[in-house]
């Protein structure tokens with residue numbers, strides 16, 4: 001792809017403007033959520049060595065699974081209510097609009113790798129739970145324990161704190177004071193849902209990545225171990241096409257991170273790509289998506305990254321106490337290396 005030469009040729013144009021201002025457009029571009037630098041470097045290297053956009057997504061997100069990025073991607077983090085770590089991932093081809101995804105994947109470490117195999121070897125889009133694990137084994141992935149000393153200690157700490165916080169409501173005994181087993185309350189109270197997120201900036205959620213090649217081909221993907229202390233079987237936004245990420249080579253790509261239980265209801269990645277299709281600047285597209293969710297859940301924790309087929313990109317996040325800025329990574333020929341960028345939340 002001759003990226004090295006392109007880098008030198010374009011460096012005189014200067015470094016990118018701060019995120020939030022209009023970004024300098026150049027292709028190819030790799031953009032990913034959070035300051036997950038090794039993921040960005042891995043994806044960029046794949047492109048430099050002639051790999052496809054899908055290869056870059058698979059390897060980049062897979063790097064976070066290996067690195068256990070912030071404990072919220074890959075094995076050994078975010079144990080559920082029974083102490084088990086399970087994984088969710090998806091990958092999307094913006095040329096064919098094919099999606100491969102796995103959710104509640106157990107005992108297999110390379111979730112995004114399995115998601116890629118769903119595209120390559122099945123006519124399906126999403127496989128879940130034990131059956132997804134059986135499929136992974138047929139595809140040659142080894143069974144491995146996803147539990148570590150770290151995840152065991154997170155789990156026992158939570159049990160010692162009377163299972164706080166958790167995701168139950170309208171149950172007896174009172175889920176805000178004690179562990180279950182819970183039974184449903186006969187009378188359901190429809191008080192306004194507490195939408196302030198239980199996650200924080202120190203409990204990152206997902207790696208989401210968008211890759212756009214020299215020719216404008218778009219791919220996207222995500223990988224996560226989901227919400228810590230979730231109910232077993234819970235699936236968030238990450239493996240859902242249009243929620244966790246979305247890629248369309250006629251418009252662009254987007255990926256979301258944060259409180260998936262709230263964000264998935266708005267299909268933010270799909271919506272952002274549709275805004276960009278209409279000619280909206282990627283930063284503004286991201287902001288508009290965040291604003292739509294704010295109307296219903298003003299205190300939600302979340303952010304989104306967006307990039308269009310010219311290589312222009314942006315990001316936006318919802319401002320809540322403790323989360324006023326969002327960090328993300330960008331790689332393109334105008335930068336000498338994958339670079340961390342920051343955007344102020346709105």
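First residue shown is number 1, and so on along the chain.
Here the Cβ of each residue, glycine as well, is placed from N, Cα and C on the backbone.
The feature active site, nucleophile is assigned by TrEMBL to 206. Counting every protein chain shown, 33 other Cβ atoms lie within 10 Å of the Cβ of residue 206 (active site, nucleophile).
Cβ-based neighbour count (10 Å, all protein chains) for residue 260 (substrate binding site) stands at 28. If you look up TrEMBL, you'll see 234, 235, 236, 237, 257, 258, 259, 260 marked as substrate binding site.
Taken from TrEMBL, the feature signal peptide applies to 1-21.
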Remark   = For the binding-site residues listed (236, 258), most other Cβ atoms within 10 Å of the Cβ sits at 258
Inquiry  = Quick check for the class: what is the C-alpha distance, in angstrom and rounded, between residue 236 (substrate binding site) and residue 206 (active site, nucleophile)?
reply    = 10
Ask   = Across all protein chains in the structure, which of the binding-site residues 237, 259 has the highest Cβ count within 10 Å?
value = 237
